[in-house]
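Record features (TrEMBL):
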ACT_SITE  His62  active site, proton acceptor
ACT_SITE  Tyr132  active site, proton donor
Amino acid sequence: MKIIDTAIPDVKIIEPQVFDDARGFFYESFNQARFEKAIGRNVSFVQDNHSYSLHGVLRGLHYQLSPRSQGKLVRCVIGEVFDVAVDIRKSSPTFGHSVSTMLSANNHRQLWIPEGFAHGFLVLSEAAEFIYKTTEYWDPQLERTILWSSAGIEWPEFSELKLSIKDAGAPPLAQAELPE
Ligand SMILES: Cc1cn([C@H]2C[C@H](O)[C@@H](COP(=O)(O)OP(=O)(O)O[C@H]3O[C@@H](C)C(=O)[C@@H](O)[C@H]3O)O2)c(=O)[nH]c1=O
């Protein structure tokens, strides 16, 4: 397992060791001891999510307020997405900065997004299946969205964007209710 640092120290790209053979491949998609060593702290995941999205779907930018702020370990198991984590911790020196990376079924990469970040992704392939673990349960009362285009992210070019009604009508970062 290789850990790749990003421009925001708390956000890590994780590249598992993939064992290929004549049958296909095998890899450990999650190993708690190795993961905790890699990010330098203990975590406990309580929920796994799986979404399927068509080309041009953009989900995000999503986060939850305290006390249900979620850390997320995300990956794409079919297709390819452009994945983004935006630092929205008010006291952070990198507030408003983001980390983006391609996650795909081919590169097997995972992105660790700690609590205090907004997260989103854009589907670049014909379709994509996205799987992630979260450190807190979903809480619709504390869930918030920031408008995808308001956080200075350089999204890849797209022809037709598919957004949920909630995401299309989200407030810009400058007006969003932020976590502490
Ligand atoms: C997020 C979530 C949604 N739902 C339900 C609510 C709704 O009816 C349906 C679809 O919800 P959404 O439109 O919010 O799904 P989606 O836009 O895929 O939301 C996700 O986006 C990515 C970017 C994230 O980072 C996630 O944390 C999550 O917010 O699923 C749950 O039951 N549990 C959950 O944990």
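A Cβ is built for glycine as well, from the same backbone N, Cα and C atoms used for every other residue.
It should be emphasised that the depicted structure is a prediction, and the values quoted were computed from it without experimental measurement.
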Open item on the list: Using DSSP and collapsing to three states, where does Tyr132 (active site, proton donor) fall: helix, strand or coil?
Closed with: strand
TODO: Please work out the number of neighbouring Cβ atoms within 10 Å of the Cβ of His62 (active site, proton acceptor), leaving out its own Cβ.
DONE: 18
Task: C-beta crowding around the residue listed as 'active site, proton donor', within 10 angstroms - done: 22
TODO: Sorry to bug you, but what's the C-alpha spacing from the residue listed as 'active site, proton donor' to the residue listed as 'active site, proton acceptor', rounded to the closest Å?
DONE: 14
